[in-house]
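For His89, the entry in Swiss-Prot reads active site, with the evidence type similarity to another entry. What Swiss-Prot records for Glu107 is active site, proton acceptor. The active site, proton donor annotation in Swiss-Prot covers His141 and rests on similarity to another entry. Annotation source Swiss-Prot lists disulfide bond at Cys51-Cys59, Cys55-Cys152. Summarising the annotation, Swiss-Prot assigns signal peptide to 1-20 and lists sequence analysis as the type of evidence.
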Amino acid sequence: MVQLLSAFVSLLSVVAVSGAAIPAPAPEAVVDVAPETATIEPTGNFTAQACMYICGSVCYSSSAISAALNKGYSYYEDGATAGSSSYPHRYNNYEGFDFPTAKPWYEFPILSSGRVYTGGSPGADRVIFDSHGNLDMLITHNGASGNNFVACN
């Protein structure tokens, strides 16, 4: 034990005399992406965007919502629909949500995959917008009874 202590003291004196610094280990980066969306870009950079809405367990960033809203409103303005679907179509608000804009309202799918809806299966989640393209709310079939909707958080 005395030899070990002596060796340690000798090592400390060598470091002190030489002026060499012993670097502290770099702290590990802790990245908590919930409730955020996270992507690794082709450049290798990590990006995260905060959730604007959460539908069930799906986080939607403002950029994902804007993409769905803009596409839905574009179809609406053109009098067109996504593929052979009926979207966007009028949303009647049978659930009685309190929207910030006046009716008529329209619904358009927002996909959990991050892609913009162009037809096919619409999934459970929707952006609701007015006839001027203003976002009102995100709603989902997840957690609702029958074919009803509940508000996303």
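The backbone N, Cα and C atoms fix where each Cβ goes, and this holds for glycine too.
Features recorded in Swiss-Prot, as mapped to the structure shown.
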residue: Cys51; record: disulfide bond; DSSP class: strand
residue: Cys59; record: disulfide bond; DSSP class: strand
residue: His89; record: active site; DSSP class: strand
residue: Glu107; record: active site, proton acceptor; DSSP class: strand
residue: His141; record: active site, proton donor; DSSP class: coil
residue: Cys152; record: disulfide bond; DSSP class: coil
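Highest local Cβ density among the disulfide-bonded residues Cys51, Cys55, Cys59, Cys152 belongs to Cys55, counted as other Cβ atoms within 10 Å over all protein chains shown.
Fewest other C-beta atoms within 10 angstroms, among the active-site residues His89, His141, are seen around His89. The Cβ of the residue listed as 'active site, proton acceptor' has 23 other Cβ atoms within 10 Å, all protein chains considered. Taking the C-alpha positions, the distance from Cys152 (disulfide bond) to Cys51 (disulfide bond) comes to 11 Å. His89 (active site) sits 6 Å from the residue listed as 'active site, proton acceptor', taking the C-alpha atoms as the reference points. Nearest neighbour of His141 (active site, proton donor) by Cα distance, taken over the recorded positions Cys51, Cys59, Glu107: Glu107. It is 15 Å from the Cα atom of Glu107 (active site, proton acceptor) to that of Cys55 (disulfide bond).
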